[in-house]
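So the structure is just underneath, and the comments pick up after that.
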Amino acid sequence: MPRRDDIRSILIIGSGPIVIGQAAEFDYSGTQACRALKEEGYRVILVNSNPATIMTDPEMADTTYIEPLRAETVAEVIRRERPDALLPTLGGQTALNLAVELSEAGVLEEYGVQLLGASIPSIQKAEDRQLFREAMERIGLRVPESRTVRSVPEAEELAERIGFPLIIRPSFTLGGTGGSVAEDLDALRASVRDGLDASPVRSVLVERSVAGWKEFELEVMRDLADNVVIVCSIENVDPMGVHTGDSITVAPAQTLSDRQYQSLRTAAIRIIREIGVSTGGSNIQFAVNPEGDDFYVIEMNPRVSRSSALASKATGFPIAKIAARLAVGYTLDEITNDITGATPASFEPALDYVVTKIPRFAFEKFPGTSARLTTRMHSVGEVMAIGRTFTESLLKAMASLEIETRDIQARLDEPSPYRIFAVFEALRAGMDIPEIYRRTSIDPFFIAAAARIVAAEGAVEETLSAEQVRELKRMGFTDEALAACSGYPAEVVRGVRRALGVHPTYKAVDTCAGEFPARTPYYYSTYEQEDEVERGENPSVVVLGSGPNRIGQGIEFDYACVHASYELKACGYDAVMINSNPETVSTDYDTSSRLYFEPLTAEHVLEVVRRERPEGVILQFGGQSPLKLARELERAGARVLGTSPEAIDLAEDRSRFGRLLRELGIPHPRFGTATTAAEAREVARRLGYPVVVRPSYVLGGRRMEIVYGDEDLELYLRSSVSGSPEHPILVDKFMEAYVEVDVDAVSDGEEVYIGGIMEHIEEAGVHSGDSSCVTPPITLTRSLQERIEDYTRRLALSIGVVGLMNVQYVVRGDEVMAIECNPRASRTVPYISKATGVPLARLATRVLLGEKLRDLGPRPASSGSFAVKAPVFPFDRFAEVDPLLGPEMRSTGEAMGIDPTFGGAFAKALAAAGQRLPESGRVYVSVADRDKRAAVLIARGFADLGFEVLASEGTAGVLRNNGLPAAVVPKIGEGGEDVLGLIERGGVDLIVNTPWGRGSRTDGYLIRRKALMHRVPCITTLAGAAAALQGIEARIRGETRRVHSLQDLYAART
């Protein structure tokens, strides 16, 4: 069928900020769709609130709105742009839910907007648990015994009939949000209440648990002519009961018989037809009885999903790109497979390799919370590896995780992060395969593979022969693993391996198991004879990606890597990407000239460098992971482009950096280092409390804390870290009541371009990644900004920075102090690039290639609007965690608000981050003693806006003494309706609560947790409360209803 000519413009809704369950895979999918539709000649309009995405780059769509993903905002975009169609299947659950909301509100009908990809009835049939169950029964497929309930008593009634355990699955949610396993009546009541709160339609499915059965997923595509293809089968190593996003998964499925696979395949085709997804992709999940052939249908996602991205990377079949073309009328047989250039998309991919995905977790950021894995997703990222066998891909994936395995404490009989390591330990201890299977329900096939690895470990000899090394490498053993088995250092093993002439070859991902030659250079390493790499005629430059997403190192760094790749190609170089993250745009097969899906270890990177012989290697865009390899690459003779490893060390070594600041006459907070607990106490007393304590060389504020006295310091030293000469404890004077400032800059070694100055909204003490910030600054005078720019230039030139750098300062009054310098891309690079219109990573890439800033002449758009970045947190996923901000980073993503006023931008950013400020109602204020005086102005501001002010007894007394009436709310547990009761019954609309005690049982902790559970905005800093006041004023004035495209903003401000 020809492409549709009755539509000219298409609106795409993105997925918003990175959250657990909805991450970088939707930037990858959305970017593919935007490009595909523009190539077809359609006008593409994009709405997304996440500035760290490639899809929100102004060239990806014709019109780009960085606005909150709320129905009223998207409706305003529709009113302004009048698109002919809406494609909602590429923005995750967020976009799907918005499409339903817009349809039910009559917006799509009012403006004549057609829905592409999936109809409203098909979305509802797939997402509403009861409708889905009825649909499956209609076509004769079994689902676990279940019932959709809308109240706790209904769930209790079902439990009496079918017993425990039960699975709770809310409707229209993502990543298992609100889902759980209930083992008894009390757990059921709590779980159903949580699930009803999580579901936008307040319904949950309560179903009989099939925990222990095997879980499989099929990625299915269908076109308007009713052609259906199965793109990929995926098997979960962990059994049912663990969310698929938290399970190790393998593609293609390894333990299905042909009969079982054909049964699932037939069922999947019947399901996609029954649900009515007429064009595009869907993910369908099954539970298969490990003792037979019977199976249940678990659920279906009628859209591109997290597994779709994995399947695309595993097979080379670009699901999102093809889904976009199917949505505008093409059929599968009319679309050419980009990988081969010779086969149509109606050919199902065939794999002659095995792909393994392992999730990456961040439980260490949330101490005190249970690490037991359930149906609610907890992982923050993932790695993928490709090998010729399952063992090879598993060991490569384990090497890609970038975790300290000695810190892992996993139990065999409890689903937990990295349980695979417990399986290995059990095998090493002599436990047999049947016993491990009994304890884990992991299929014996996978346990046997682990047993072969353990047996090979034991057979490693002190003298390694070429054949033995080659065989072990074929199994997937890294040089580090061989070193651990043989007792030699990894460098020695590497030297022996090279002396024996044992090197990897590289195979292409071609979608057809070698039947047709691959045109797109997408490679993985293995130890076989034939090498399939075809180098181009252009000189090449290697870009190291950032590896798995994690808190502190997320999509922002992938954004910089993608920009580097684009710019290298624009400058006539072959861009060679090395990365292990299947979610991201950087691992799309056509982002770079050649893609190597490999772990970011010295061994794997050096082998690619050996094969490619590049002009240089770029490390500075991928965060801390690539920087750790700088010295080893330099020793191996690789040319590191940009800032030298020596300069990197100068900036990151606290003592050396402190000496440099003193030489330059740049003020800085007093600090000290300690190698023992006693030294830490001595340094803290010398500096004077409060102090900030942390280990050296950390990312994302890991194990960083503000301590206010000896007792706090003792608790920190006992629970968190102990110093040593190799890893000293850093102790800094904490700068109370200072404002933190971030600066992103590019240096060519002679000149420095200041990309932007960002003022944090929270005071110093909150990690920069967790603080909201605004550019241009709102309280810094021009003279202060000039001094900050001067300090930044002097630091860049003195350190020897070539490329990107980020400097952090604290400011109070007329005082400016430097606190940190990172000679690499920062997490604010995408945000400041979107705010100013200057793509800093592209500019830095040109500098790395030897060009000069004076010739490039970057020109930011003159300031006409404020841009606010607001963080997004996963606190709802981690029970018992205090949602209090501090020096350790815990946010997973960010949203951005743009408006001519600061208040409007801040309100938009908060709304986009999931915190909608109320325009009226009741505000509860309860602050620490040190904040009570300043809280008077805040409370008066709310009263002036018409809010009723409620307060704790102590805070109310101060407010009344200053002439401000405030109703006293009783202390928790002392009779009468306390604030917890008020929150539960919806009697408070906004909370301002600053901490006043250490530990998890203070009243403040209980208030913050209860507010989180009931989605009441809770602000934990007075600076944040002051900004919220301005945001509420902007909402009342109607300023947040206006929308602005990036293209219009840039055109108006140049």
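Counting begins at 1 with the first residue displayed.
Even glycines carry a Cβ here, placed using N, Cα and C.
According to Swiss-Prot, the protein has these features:
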- Q285, E299: Mg(2+) 1 binding site (BINDING)
- Q285, E299: Mn(2+) 1 binding site (BINDING)
- E299, N301: Mn(2+) 2 binding site (BINDING)
- R694, K733, E740, G765, V766, H767, S768, Q808, E820: ATP 2 binding site (BINDING)
- Q808, E820: Mg(2+) 3 binding site (BINDING)
- E820, N822: Mn(2+) 4 binding site (BINDING)
- 133-328: domain 'ATP-grasp 1' (DOMAIN)
- 658-849: domain 'ATP-grasp 2' (DOMAIN)
- 1-402: region 'Carboxyphosphate synthetic domain' (REGION)
- 403-531: region 'Oligomerization domain' (REGION)
- 532-914: region 'Carbamoyl phosphate synthetic domain' (REGION)
- 915-1054: region 'Allosteric domain' (REGION)
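Proximity of N822 (Mn(2+) 4 binding site) to non-local residues of its own chain (separation of 6 or more, Cβ distance below 8 Å) is seen for A651, E652, M805, N806, V807, given in sequence order. Across the fold, the C-alpha of E820 (ATP 2 binding site) and the C-alpha of Q808 (Mg(2+) 3 binding site) stand 5 Å from each other. Across the structure, N301 (Mn(2+) 2 binding site) and S768 (ATP 2 binding site) are spaced 36 Å apart at their Cα atoms. Each residue of the region 'Oligomerization domain' (403-531) gets a DSSP state, and the totals for helix, strand and coil are 64 helix, 10 strand, 55 coil. DSSP labels the residues of the region 'Allosteric domain' (915-1054) in these numbers: 68 helix, 18 strand, 54 coil. Among the residues R694, K733, E740, G765, V766, H767, S768, Q808, E820 said to bind ATP 2, no two Cα atoms are farther apart than 18 Å. Of Q285, E299, Q808, all annotated as binding-site residues, the residue with the shortest Cα distance to R694 (ATP 2 binding site) is Q808. Of all the binding-site residues listed here (E299, E740), the one with the fewest other CB atoms within 10 A of its own CB is E299. Recorded residues S768 (ATP 2 binding site) and Q808 (Mg(2+) 3 binding site) have their alpha carbons 9 Å apart, per Cα-Cα distance. Nearest by CA distance to Q808 (Mg(2+) 3 binding site), out of the binding-site residues Q285, E299, E740, V766, is E740. Of the listed binding-site residues S768, Q808, the Cβ environment within 10 Å is emptiest of other Cβ atoms at Q808.
Just so you know, of the binding-site residues Q285, N301, the Cβ with the fewest other Cβ atoms around it within 10 Å is the one at Q285. Cβ neighbour count for E820 (ATP 2 binding site): 17 (other Cβ atoms within 10 Å of its Cβ, all protein chains included). In sequence order, E740, H760, L885, G886, P887, T1021 are the residues near V766 (ATP 2 binding site), counting only same-chain partners six or more apart with C-beta under 8 A. Summarising the environment of R694 (ATP 2 binding site), the number of other Cβ atoms within 10 Å of its Cβ, over all protein chains shown, is 21.
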